[in-house]
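Taken straight from Swiss-Prot:
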- 24-61: region 'Disordered' (REGION)
- 96-124: region 'Disordered' (REGION)
- 102-118: compositional bias 'Basic residues' (COMPBIAS)
- 249-270: repeat 'LRR 1' (REPEAT)
- 272-293: repeat 'LRR 2' (REPEAT)
- 295-316: repeat 'LRR 3' (REPEAT)
- 318-339: repeat 'LRR 4' (REPEAT)
- Glu429: Mg(2+) binding site (BINDING)
Amino acid sequence: MADGTYRFQQPGAGQFFFQTQQQQPSHQRHLVRNGTNSPTGRLKFSHDTPSPSRSPPLGQAAALNPFTMYSQTHQGQHVLMNGGQAHQRFGMQMPKFQSQSHHPHPAQQAHHHTHHNQASHNINHQHNFSSGALAAATPHFTPSHMQNGAHANVDEDIDESMNEHWQQQLQLAAESRQASSPHYYARAVAQQTKGIQIAPSQPEPQENGGDVKNGLTKVKASPRQGWYALDFGGQGLRALSTSLFSYDFLKELYLNHNKLKALPQTIGQLRKLEHLDLSGNDLTELPEEIGMLTSLKKLYLFDNNIRTLPYEMGYLYRLDTLGIEGNPLNDILKSQIMKEGTRALIKYLREEMPENPPPPDRDWVILDETAGTSTEKITVLSYNALCDSSATQSHFGYTPSRALSWEFRRDVILSELRSHDSDIVCLQEVDQGSYNGYFREQLAYNGYKGVYWPRGRAMGMQEEEAKSVDGCATFFKGTKFILLDKQMINFGQTAVRRPDAKGQDDIYNRLWQKDHIAVVVFLENRLTGSRFIVVNAHLYWDPAFKDVKLIQTAILMEEITKLSETYAKWPACTDKTAFRFSEAEGGEAQTPPEPAPSMEYSSGDQIPLFMCGDFNSSPGSAAYNLIANGRLTEEHPDLEKRLYGNLSRVGMTHPFKLKSAYNSIGELSFTNYTPDFKDILDYIWFTSNTLHVSALLGEVDKDYLQKVPGFPNFHFPSDHIALFAEFVVKGKKGKVVEADFGPQRN
């Protein structure tokens, strides 16, 4: 498993000498700690020990055994005589772990370990056998036997008066202590697969070249990963190579029975790890980065010198089994796991977790040094706030409950909005109750006015019930802008009203049922007369509905096109005076600047357009390409040959020259960050013929992210991050319309 390419010599298919029955000598780490029962002792001889001269029971077929995870094109014969090693040990070379001549099969992937009654440890080794061959395999090593032939039943050492949680600890600790020989788990798997005849595996077809049709590049298929586990057990290791942690695909890692005194911080890179065995080392503490391993289901720390655990282990919300027996653990933590088990201890660490120091502020990235002299600048912020009904412990089990509560998160969101003081703010996932009872009132103190619509489902609900329905809220500075018009686009309802929707089943079965919306506001700058279309959208999330997201985007662009042509003919605004409180007595009244006349635009695509929101589409997706390129043909694979009227028959187009604001720096690393998902979903789009971006809010500090597996947390109140950009309005292509403002001062 971890001894390099030549881990075992491969003898011919000759006579096999089965090991004799022999008691394994006690390991030095079998010392009794903390008053526990002896982990060793003479065990009864098992009559089920397999014989080389007799066929095994049918129930022990390898096809029914969790060790079956191999797909190599050679016979896996490994001679182990009386527990000795019939091979020459070679130095470990990490790059050699992946055998070049093997054809891996993804169906045989890592499975988590079973507990008491089946003390098997299934490891993905670089030697893989196909499932077809394993169906007729005969294992020479059964889960109920240790490698030395001793039976794995240690129930005699367990006090039945103990509760089930601590009984499990003692059971697993005893099993761990008997696994101290070098590469114990790898050899167990080798025994399992002895004598298997392998059918040649079929190579996976690979794409040659790339398809750039419709602006979407098809990435060449990557080879499948055929092994997922490494066994470095019993090697006497005192340190670990940093190259080990570049194998971020690993699901199982065995470092048991070595001489490690510390675990590197880079352990946090193995985020797919499900089983980590560190038993029988000299560890005194764990690094905070252990909390990054949110996929962990089993963490074995038996027989170390650990006295306390880092609070970051509270992030390990999937951890089922924490093996801590044989450590001088402090009484508080030990009582938690003894009385209530692993999950209770992890919850305790999560809920008691102190608030860590906040990260450094995100950098303000200046793209245009000359923008400071521009006559007209505008700032725009977009933020998916994660509504209260979606922020549940089942979805965000790694977040402390007090950091997940809406009362806490809304205050952090409000504080961030006020700190940026953006001219325009677009929020998604804001429920009606929070908009009317909190954000509208609080942001009014900062000079904001708001426009809000909930999602379509709120229409048929009672008033109190509808308060929990989320929607899109757009705020703008009332002293800077005049609201000329506001509209709501319901994608599903708009689709069924199309003349070409008749007989198109997919519109009704897939699109109409989704009640996602976009809010459109038409604004005018009081001083300059420039007009802006601001779109705030939230699209469907499910990756299995790529066609729905694409059609929602197409409908959005189609409706914006219609509205923009209407707005191009919008009459001039005659009353631009902003409301002002009367001056206090004795105060000098400041004369407001003279407002410029309203701008008129020759066509809808000449009006500056901002399109913000959570589009749930990453760069390169069909929805992204439609917005960025202005067209998408009817043959796009994301449509899956579904019927959406003219949109799927003719194709999709729009007249705007849209560009993502963050494309100026190659997009952010992510806009959505959770343990299982990290991608770019949110955008601020702008029309590049009327605007250009001059500055952006940069990345989240990378050092901070090394210890944070996902958002929300105490510093980031949503699983999304805020996007914030500054724009400069280009020279106006429209003509000035003189408006009658009444009598003027001389």
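Any Cβ shown, glycine's included, is placed from N, Cα and C.
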List of residues, in chain order, with Cβ under 8 A from that of Glu429 (Mg(2+) binding site) and at least 6 apart:
Asn384, Ala385, Leu386, Cys387, Ser390, Asp470, His538, Asp614, Ser718
Where DSSP helix means H, G or I and strand means E or B, what are the helix, strand and coil counts for the repeat 'LRR 3' (295-316)?
5 helix, 3 strand, 14 coil
For a three-state summary based on DSSP, what are the helix, strand and coil counts in the repeat 'LRR 1' (249-270)?
5 helix, 3 strand, 14 coil
Mean of pLDDT values spanning the repeat 'LRR 4' (318-339):
95
Tell me the residue counts in helix, strand and coil for the repeat 'LRR 4' (318-339), as DSSP assigns them.
9 helix, 3 strand, 10 coil
